[in-house]
Amino acid sequence: GFPIPDPYCWDISFRTFYTIVDDEHKTLFNGILLLSQADNADHLNELRRCTGKHFLNEQQLMQASQYAGYAEHKKAHDDFIHKLDTWDGDVTYAKNWLVNHIKTIDFKYRGKI
């Protein structure tokens, strides 16, 4: 996988070149950082809310452009939502997932949605 930034925050190496997506990714990085600092219900619920909103927006962009990788991408989103819904406190998993999802799965749609 890709290295996990320390401190855990978005940087230009994660840029998709879609402003809305990049801004939402920054929010997800921050949400996971907050959860790593204090694993509590408020932080988890906020991360769930931001993640759900972002995934919906991203999936709508993919559908609107008839992106060929939509089904695979949506499954990755669904799997992460399930992980949040059954949260076990594994912040390292969440950090790794976001970094690797952006750099492997999201980067596939650059210039295509």
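Glycine is treated like the rest: Cβ placed from N, Cα and C.
In the three-state DSSP scheme, HIS25 (Fe cation 1 binding site) is classed as helix. Taking the Cβ of HIS25 (Fe cation 1 binding site) as centre and 10 Å as the limit, one finds 21 other Cβ atoms among all the protein chains shown. Here Swiss-Prot flags HIS25, HIS54, GLU58, ASP106 as Fe cation 1 binding site.
Feature annotation from Swiss-Prot assigns Fe cation 2 binding site to GLU58, HIS73, HIS77, HIS101, ASP106. DSSP assigns HIS77 (Fe cation 2 binding site) to a helical segment in the three-state reduction.
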HIS77 (Fe cation 2 binding site) versus HIS54 (Fe cation 1 binding site) - Cα distance in angstrom: 10
